[in-house]
Amino acid sequence: MKIKATIEKIPGGMMVVPLVLGALLNTFAPQALNVGGFTTALFKNGAAPLIGAFLLCMGAGIHIKAAPKALLVGGSITLTKFIVAVALGFGVERLFGAEGLWGLSSVAIIAAMSNTNGGLYAALAGEFGGEEEVGATPLMSLSDGPVLTMIALGAAGMANIPLMSIVVVLIPMLIGMLLGNLDVQMREFLTRGGPLLIPFFAFALGASIDLSMLIKGGIAGILLGGLTTLVGGFFNIKVDRLVGGSGIAGAAASSTAGNAVATPMAIAQADPALAEVVAVATPLVATSVIVTALLTPMLTSWVAKRNRQLKAQSAGGEDKI
């Protein structure tokens, strides 16, 4: 059986297929992985340590000279996501009020569109990108959580910018960079291990997703996911290329992280007046998490394919000259 070849025919298949399988199992048999021992540790709770190992392995492939470019790409995309989310969110609120359009309030839009699924980004950057895309991962963690959304809405918690969340992402990458730049053989050894980890942490990420949220979120939630990947992705890719990137990082960052589901609740605690809006926003954001987990790999795969086509055309033109 050609299982690997079949999976790889699907855009971002090594990420998407295990993620969907994990989500299906968690939705229809949520207790199946709660048997304890190695099974639960790997398939249910293993996402964080596996992503940490993945970042160390991929960090080994980053040359120190490439670090400034990676920081520029990551910072530019993070800022772009924030600006686009705030502009669209406040635009909807100004036109349609606090309740928003079809339930798409500023809370839901900013929470979903300003947040990046770090694990998905790391996997896609490792599969389709290079050292600059992988090196941008720590800065993507700036948008991973409720702080940017709370700042945008003027709620409490503005002083709690999660500096430590950036540091903890940097540590495994820095260890990998150190080893890879000190020893070429270590670089070759570690970078080969990165792609191997993708399906494992993808399954664990999927095992935290409940597909029933698609029903609760409905069309509005699906629309929110589409806005995040397609509209947000358009600007992310443009800015990525504007600062000298390939567009891969911009596409790979066009998702909503799972922890964004908790963002509306954090906002409600900071501003109880938004409680009713938050109750509607939560399932919409959850739906966006699921939709973008499927759309973002497709977008990233398309950008990578388009880049290869343009490169081939350029090479062909030079040959004729």
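The count begins at 1 with the first shown residue.
Using the three backbone atoms N, Cα and C, a Cβ is placed for every residue, glycine included.
Automated prediction, rather than curation, is the source of TrEMBL annotations.
Predicted, not measured: the structure shown is a model, and the values here were computed from it.
Here is what TrEMBL says about this protein:
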TRANSMEM  12-33  transmembrane segment
TRANSMEM  45-64  transmembrane segment
TRANSMEM  71-92  transmembrane segment
TRANSMEM  147-177  transmembrane segment
TRANSMEM  189-209  transmembrane segment
TRANSMEM  215-235  transmembrane segment
TRANSMEM  247-268  transmembrane segment
TRANSMEM  280-304  transmembrane segment
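Against the transmembrane segment (280-304), stretch 215-235 has more CB pairs under 8 A than any other of 12-33, 71-92, 189-209, 215-235. Under 8 Å from some Cβ of the transmembrane segment (12-33) lie the Cβ atoms of residues 39-40, 43-44, 120, 123-124, 127-128, 195, 198-200, 202-212, 290, 293-294, 296-298, 300-301, all in the same chain and six or more residues away from its ends.
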